[in-house]
Amino acid sequence: MAKHVIILSLVALSFGLLAFAFEPSPLQDFCVADSTSSARVNGQPCKSPALVQASDFSFSGLHLPGNTSNPNGSKVTPVSVAQLPGLNTLGISMGTLQVGFVTSNPDNSLITKTLQKGDVFVFPVGLIHFQHNVGTGNAVAIAALSSQNPGVITIANAVFGSKPDVSSDILAKAFQVDKSGGSTPGQILECSNRNQ
């Protein structure tokens with residue numbers, strides 16, 4: 001019973017954070033909170049993107065039992081921007097997986113981490129991201145999303161499996177490749193699906 005109260009309290013807390021900390025149209029990929037800054041802003045100032053690390057988007061500790069010997073019979077483990085600086089202006093996701101995302105142009109930096117039971121990782125809105133089960137059994141993840149119907153876009157299917165096909169000329173230019181190899185978008189998709 002205490003586990004359910006902790007989980008429900010965390011979910012309620014995360015939705016409260018979403019209401020106060022989410023920017024619907026971010027001006028940058030992310031704004032990792034800089035707790036050392038003396039700047040006064042409404043919220044937290046941003047750390048320089050050059051100083052951002054995977055640990056800024058990760059939190060460990062939700063797997064630890066809390067003391068429920070209190071009048072409420074529960075223990076809330078807060079996961080706010082104070083514990084998870086990468087949460088600043090974003091939503092929250094949890095799980096036991098290898099996860100990561102790629103920052104936007106021109107850097108295209110890969111930020112990745114292998115999560116263990118009870119860890120949390122934040123994906124900045126709109127960036128290409130992944131989750132991959134690197135364990136031997138099934139993986140379980142809990143995600144809180146910032147949309148009532150976020151949908152899923154599988155990049156390979158969207159780019160190479162559209163109907164009708166995206167022109168080979170456009171794909172060659174977008175991916176900066178020579179299209180003289182003769183592959184059609186459908187053939188590229190078939191090849192990528194075989195390699196999964």
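Heads up, the Cβ atoms here are built off N, Cα and C, so glycines get one too.
Feature list (source: TrEMBL):
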- 1-21: signal peptide (SIGNAL)
- C31-C46: disulfide bond (DISULFID)
- 60-183: domain 'Cupin type-1' (DOMAIN)
- H129: Mn(2+) binding site (BINDING)
Relative to the Cβ of C46 (disulfide bond), which residues of the same chain, six or more apart in sequence, are found under 8 Å away?
Q28, C31, V32, A33, D34, N88
Only counting partners 6 or more residues apart, tell me which same-chain residues put their Cβ under 8 Å from the Cβ of the residue listed as 'Mn(2+) binding site'.
V99, G100, F101, V102, F123
Integer average pLDDT (0 to 100) for the domain 'Cupin type-1' (60-183):
80
